[in-house]
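Read through the structure below, which is laid out as structure tokens, and then see the notes.
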Ligand SMILES: CC(=O)[C@@H](O)[C@H](O)COP(=O)(O)O
Ligand SMILES: NCC(=O)COP(=O)(O)O
């Protein structure tokens, strides 16, 4: 059964826009889990534009589901996720100044680096997920570097979906099939929404986890956080 991990980056974006503690990010993490989220995802970027390192430490004791921490695997990032014993570290190839995550790893070019960082995380007992494009070479390379899972970068799917759903999903089905053959777990995320999530799950029912933030938090402005999480869960577990 696919798990829903709610990314609360954008709660922190709103909080940081005024300073102070409103909306309270820790309360959001607690309530998302109370409303049915099966994980909390955060992406503490180096510039702390939204989630701060302090948020990560504050949230950890209140995790009753799973804590997925995303980021570029710098020494600081690895120290953070091992210090707090995250359940999963999702490694993304983001440059510090990127607007958002917009591509997966070249797991062939960065093989040695990824072998090193994954080895350090595994030694700390942390599950590793590698952010990849729906590219068979990237998936194969993720297996070769020893990752436990891949996370399929789903922005291209979300963009194409309204135009041609079958064309949009095709490379993701192929990548997921290969990942499964290689005994990789399969996560997915970025720009997933109430519009495109059910089709993704219907076509690839063996996805382990979707992490969803931007669209979900935007939907919550109109539907409320509790109803929104229930609507996303309905897409996954009808
Ligand atoms: C890795 C990924 O696709 C997203 O989880 C990313 O964390 C989004 O980052 P922003 O919320 O900073 O756009
Ligand atoms: N890994 C994807 C994630 O955590 C959230 O991405 P988005 O839903 O904010 O685009």
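Each residue, glycine too, has its Cβ placed from N, Cα and C.
Just so you know, TrEMBL annotations never went through curation; they're auto-generated.
Copied from TrEMBL, the annotated features are:
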ACT_SITE  43  active site, proton acceptor
ACT_SITE  70  active site, proton acceptor
ACT_SITE  190  active site, proton donor
BINDING   7, 18, 191, 213, 214  3-amino-2-oxopropyl phosphate binding site
BINDING   45, 50, 100  1-deoxy-D-xylulose 5-phosphate binding site
SITE      151  site 'Transition state stabilizer'
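The structure, with features from TrEMBL marked on it.
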residue : record                                      : DSSP class
7       : 3-amino-2-oxopropyl phosphate binding site  : strand
18      : 3-amino-2-oxopropyl phosphate binding site  : coil
43      : active site, proton acceptor                : coil
50      : 1-deoxy-D-xylulose 5-phosphate binding site : coil
70      : active site, proton acceptor                : strand
190     : active site, proton donor                   : coil
213     : 3-amino-2-oxopropyl phosphate binding site  : coil
Max pairwise CA distance, angstrom, over record-listed 3-amino-2-oxopropyl phosphate binders 7, 18, 191, 213, 214: 25
When DSSP states are folded down to helix, strand and coil, where does residue 151 (site 'Transition state stabilizer') land? strand
Residue 50 (1-deoxy-D-xylulose 5-phosphate binding site): which of the recorded positions 7, 43, 70, 213, 214 have a C-alpha within 10 angstroms of it? 43
Sequence-ordered binding-site residues from 18, 100, 191 with Cβ under 6 Å of an atom of ligand 1: 100
Close recorded positions near residue 190 (active site, proton donor), where close means Cα within 10 Å, chosen from 18, 70, 213: 213
What binding-site residues in 7, 18, 50, 213, 214 place CB under 6 Å from ligand 2? 7, 213, 214
Enumerate the residues of the same chain, 45, 50, 100 excluded, that satisfy the criterion Cβ within 8 A of the mean position of the Cβ atoms of the recorded 1-deoxy-D-xylulose 5-phosphate site; list them in sequence order. 9, 13, 43, 49, 51
Long-range neighbours only, meaning 6 or more apart in sequence with Cβ under 8 Å: which ones does residue 100 (1-deoxy-D-xylulose 5-phosphate binding site) have? 190
Which same-chain residues, if any, lie at least 6 apart from residue 214 (3-amino-2-oxopropyl phosphate binding site) yet have Cβ under 8 Å of it: 7, 9, 10, 191
Neighbour tally for residue 50 (1-deoxy-D-xylulose 5-phosphate binding site), based on other Cβ positions within 10 Å of its Cβ: 23
